[in-house]
Amino acid sequence: MVLIRVLANLLILQLSYAQKSSELVIGGDECNINEHNFLVALYEYWSQSFLCGGTLINGEWVLTAAHCDRKHILIYVGVHDRSVQFDKEQRRFPKEKYFFNCRNNFTKWDKDIMLIRLNKPVSYSEHIAPLSLPSSPPIVGSVCRVMGWGTIKSPQETLPDVPHCANINLLDYEVCRTAHPQFRLPATSRILCAGVLEGGIDTCHRDSGGPLICNGEFQGIVSWGDGPCAQPDKPALYSKVFDHLDWIQNIIAGSETVNCPS
């Protein structure tokens with residue numbers, strides 16, 4: 001009887017550990033500290049609350065989602081563990097903010113992209129480096145990497161100190177049109193559809209603005225999804241970086257005639 005009780009207690013402990021482990025992330029793991037040197041963290045200035053992720057694309061510019069915009073934003077570069085006191089040299093402010101079509105009138109299928117010019121350039125280091133813009137459009141079927149400090153539980157919100165990373169699949173745009181009829185997505189759009197149709201892996205609240213990296217290239221910006229996160233047959237939507245390349249590159253080059261593209 002004693003042996004049976006011991007075995008029963010061990011089984012209970014194993015089941016308890018398995019349940020806790022499955023709740024640690026929405027299908028991902030903690031990112032390696034050397035894996036995300038281009039990932040930036042956006043905070044609301046007055047409340048000091050974490051808002052979104054973003055991507056450093058050169059020493060002076062960051063790409064994120066338009067819906068992450070606030071009147072007063074702090075941007076931190078070279079961050080891994082958010083519980084560690086930030087160095088003042090990691091902190092930047094927006095000098096200029098640009099929105100596609102010059103207006104913050106994004107939708108679930110268009111214009112959810114914001115280009116931020118930092119108040120001063122960053123110095124590259126082991127943990128601070130840019131992610132290159134794509135040289136070609138992404139290929140459906142690609143395995144893509146997502147990362148961020150977004151919630152690791154859904155629908156409850158639990159924000160981790162260290163960013164989490166996961167692999168998802170780039171899907172045909174029609175998959176998202178079928179999966180999200182409530183969004184009334186148009187036949188064509190400047191967005192990407194990505195996720196795991198079996199469920200269990202997904203970006204979620206406050207991962208917004210972070211990168212979707214396919215075959216080593218910065219192809220998407222975390223934009224919209226359904227809640228709770230990581231449901232089967234509910235992939236998420238990502239702003240397509242490649243379709244905004246001309247706009248991005250011309251603004252960075254200082255052209256004033258392309259700030260409001262049609």
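Placed from the backbone N, Cα and C atoms, the Cβ positions cover glycine too.
Among the features that Swiss-Prot reports, active site, charge relay system is placed at His67 (among others).
Look at Swiss-Prot and you will find Asp112 (among others) tagged as active site, charge relay system. Asp112 (active site, charge relay system) counts 27 other C-beta atoms within 10 Å of its own C-beta, drawing on all protein chains shown.
Residues or ranges marked as active site, charge relay system in Swiss-Prot: Ser208 (among others). If you draw a 10 Å sphere around the CB of Ser208 (active site, charge relay system), it holds 25 other CB atoms from the protein chains shown.
Within the same chain, the residues at least 6 positions away from Cys31 (disulfide bond) whose Cβ sits under 8 Å from its Cβ are His80, Met147, Val162, Pro163, His164, Cys165, listed in sequence order. A coil conformation is recorded for Cys31 (disulfide bond) in the three-state DSSP classification, outside any helix or strand. Feature annotation from Swiss-Prot assigns disulfide bond to Cys31-Cys165 (among others).
In sequence order, Leu42, Thr64, Ala65, Cys68, Arg206, Asp207, Ser208, Gly209, Gly210 are the residues of the chain that are 6 or more apart from Cys52 (disulfide bond) and have a CB within less than 8 Å of its CB. According to Swiss-Prot, the disulfide bond annotation covers Cys52-Cys68 (among others), on the basis of sequence analysis.
Annotation source Swiss-Prot lists disulfide bond at Cys102-Cys260 (among others), citing sequence analysis.
Per Swiss-Prot, disulfide bond is recorded for Cys144-Cys214 (among others). Long-range neighbours of Cys214 (disulfide bond) (same chain, six or more residues apart, CB within less than 8 Å of its CB): Pro138, Ile139, Ser142, Val143, Cys144, Arg145, Leu170, Gly220. Cys214 (disulfide bond) carries a strand DSSP state (E or B).
Look at Swiss-Prot and you will find Cys176-Cys193 (among others) tagged as disulfide bond. Sequence-distant contacts of Cys176 (disulfide bond), defined by Cβ-Cβ distance under 8 angstroms and a gap of at least six in the same chain, are Leu185, Ile191, Cys193, Pro235, Ala236, Leu237.
In three-state terms derived from DSSP, Cys229 (disulfide bond) belongs to neither a helical nor a strand segment and is classed as coil. Here Swiss-Prot flags Cys204-Cys229 (among others) as disulfide bond, drawing on sequence analysis.
The average pLDDT computed for the domain 'Peptidase S1' (25-253) is 92. According to Swiss-Prot, the domain 'Peptidase S1' annotation covers 25-253, on the basis of sequence analysis.
The annotation N-linked glycosylation site is assigned in Swiss-Prot to Asn105.
For 1-18, the entry in Swiss-Prot reads signal peptide.
When each of the disulfide-bonded residues Cys144, Cys165, Cys193, Cys204, Cys229 is scored by how many other Cβ atoms sit within 10 Å of its Cβ, Cys165 comes out lowest. Rounded to a whole number, the distance between the Cα atoms of His67 (active site, charge relay system) and Cys229 (disulfide bond) is 18 Å. The number of other Cβ atoms within 10 Å of the Cβ belonging to Cys68 (disulfide bond), over all protein chains shown, comes to 23.
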